[in-house]
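Annotated features in TrEMBL:
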type: DOMAIN; residues: 187-393; note: domain 'DUF4010'
type: TRANSMEM; residues: 12-30; note: transmembrane segment
type: TRANSMEM; residues: 42-62; note: transmembrane segment
type: TRANSMEM; residues: 68-86; note: transmembrane segment
type: TRANSMEM; residues: 93-111; note: transmembrane segment
type: TRANSMEM; residues: 117-136; note: transmembrane segment
type: TRANSMEM; residues: 148-166; note: transmembrane segment
type: TRANSMEM; residues: 178-198; note: transmembrane segment
type: TRANSMEM; residues: 242-265; note: transmembrane segment
type: TRANSMEM; residues: 271-289; note: transmembrane segment
type: TRANSMEM; residues: 310-333; note: transmembrane segment
type: TRANSMEM; residues: 339-361; note: transmembrane segment
type: TRANSMEM; residues: 401-420; note: transmembrane segment
Amino acid sequence: MHNLLVDNLPGLLINFLATTAIGFLIGIGLREYYIGEHKENVFGTTRTCVFIAILGFVLYQLEALPLLYLGGMLVVGALLLSYYRAKIQHEQYGMIGILLALSCYALGPIAQTLPKWFLVLYAITILFVLNAKPRIRRLTERLSNEEIITASKFLVLTGVILPLVPPEPIADFIPVNLYQTWLAVTVISGISYVGYLLQTYLWQDRGLLLTGAIGGVYSSTATTVVVARQSRRYGPNSSKPAAAIVLATAIMYLRLLAVVAVFNLAVCLKLLAVFLPLTALAGLVAYRLNAQECADCPAVAALAKQRNPLELGSALLFAGAFVLIAAATHWTIENYAHGGLVALSFVVGFADIDPFVLSLLQGGFAAPDQAIAQAIVVASASNNLLKAAYTALWSNRRTTLAAGATLTALAGLAFIAVLAGV
């Protein structure tokens, strides 16, 4: 049906209807915004936005007069300026309506020159930002200046510096170059930063289980340590800390799949047969443990704030670990082949497995995809053993029995999968 309409309707008509429809939706959104903010003296809402969108469309379509569109923008801008001066006299300084009017004026050129998906994305973004005022205000009030500066530095290093880094080898015995090293830092730091933002600013006080899930995106090992330490503040019969620890590990498997998919889709497909069942099993156990939570168990305050993964010190530490582990992996494969790689992956799992995983994916080692996938599985399994040890060391008895046993079982199943050649 869609293809039939596209093939038989003129392109000009489709663009005009799309412009009118998007202008209408933005106008409705602006009207609802004014109602919610109890604003009465406004220049217009639904019909005004539609008329401005149509005006921009028609003036841009008149190619014989290329300056006509810019002239129309000046006229619309002059009218909006006159309106804003009147607002200032009443001590009203908001510019939402003016900005949306100009956004509607730009709909015509967008509909005629850019893909339709961008037109839809343009409208969705405008409506989302328009209706997210309370959430955005709460977020900006909680966001410290230090966080903004750190994120800005990272954007510069990623968007400006990364493309300029030469793909020159660091040394003969190191199989990764400078570009691959910084690319690895960028990917891991970016994924961890998403989890950090969710945990720190959006869902900080939404419960321990959600904290565990988000912590799995940031770092399942760090989350396990923090939750295990705080489990003693819960009642002896509480199973919620164990559920959070197990859920963080379930999310860890999905995080590893996402990281591997960025660099080597073939290895990711091989890991699906192991990681998806383990994710489902860990998620089911976490659900069962959370369902067993006692009704009289005390609620506990939110977990302590995690360290920002975009800090320069964290990035440099990861880069150093990445280069060091890449060199160790290269030496191990050269001297001990597949058996040495499996042994190394088991040892590395008791530390940070991200540098090891990325060095495997970017090092260009003389190892088949199956061997690389098995090494990643072994590293994740030994990392689960490390988290089980942390749980036994710092948590209460209930959390140790539930979470520790589950993590050990997940590690055992992973080892069995490797031995079976999955």
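Cβ atoms here come from the backbone N, Cα and C positions, even for glycine.
A quick note: this is a predicted structure, and the numbers were derived from the prediction, not measured.
Looking at which of 42-62, 93-111, 401-420 has the most CB pairs under 8 Å to the transmembrane segment (117-136), the answer is the stretch 93-111. Here the transmembrane segment (42-62) has long-range neighbours at 12, 15-16, 19-20, 22-24, 26-28, 30-31, 34, 68-69, 71-73, 76, 80, 83, 97, 100-101, 104-109, 111-112, meaning same-chain residues at least 6 beyond its ends whose C-beta is under 8 angstroms from one of its own.
For the domain 'DUF4010' (187-393), the predicted model reports an average pLDDT of 80.
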